[in-house]
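Trainee: Dumping the structure here so I can ask a few things about it.
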Amino acid sequence: MGRSPCCEKAHTNRGAWTKEEDERLVAYVRAHGEGCWRSLPRAAGLLRCGKSCRLRWINYLRPDLKRGNFTADEDDLIVKLHSLLGNKWSLIAARLPGRTDNEIKNYWNTHIRRKLLGSGIDPVTHRRVAGGAATTISFQPSPNTAVAAAAETAAQAPIKAEETAAVKAPRCPDLNLDLCISPPCQHEDDGEEEEEELDLIKPAVVKREALQAGHGHGHGLCLGCGLGGQKGAAGCSCSNGHHFLGLRTSVLDFRGLEMK
């Protein structure tokens, strides 16, 4: 056999309590005490369930109830009792005078539980969560990591700059891809060197041409005069007193003159 209902559902009010119902319940409890909650509604003239009357009295109408927010000492006591008793809110409320089990349960779920999670503590086991106090994943780099990354970037910057310069530097800077016929480019230094070489070669070429010209006109130059000998000396076979350019040697030959 099951337990009989405490009241008739057909004649029972449901919903929010009115001010008149609260006054009747308070007056009856003050006059007769709490007594039996199953018979209290009929004796007090209330069309309410016995359970509803009990919860209304305990949670809202008791004169010793504390009003206001929980204090820091109460928070610490609730955490300690919860670590020992778990979710047995009635036993926890018995050790907190002026607080109800329903009030403590609501306060635990809305405030203390979130506070423990924010501190890195598991609200069920009351032990620190693996991974430290931070329960949320942060994508911001730590200061030490940021400094190390900046130093590494600064160290790699010159190397990357050198590699970029080496890649961008042309392998053949003087290469001309224009398809046209033009004289080769000559530098000023090359021109000066060529002029010096021409100055060294020119006397020999002129001397050779002069020898050929002398033979062509029948005025040959003897070997002795060609080697620097004196004109008209012994062994000189120059004809008509002309040198290799066709001029008279007596006019251009100053070697016979004595310096005074």
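The chain as shown is numbered from 1 upward.
Cβ from N, Cα, C; glycine included.
Remember, predicted model here, so these are calculated numbers, not experimental data.
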Trainee: In Swiss-Prot, which of 65-88, 89-112, 113-136, 209-232 is tagged DNA-binding region?
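Mentor: From Swiss-Prot, the annotated DNA-binding region range turns out to be 89-112.
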Trainee: Can you tell me which parts of the same chain pack against the DNA-binding region (37-61), counting only residues 6+ beyond its ends and a CB-CB cutoff under 8 A?
Mentor: 6-7, 11-13, 17, 21-22, 24-29, 100, 102-103
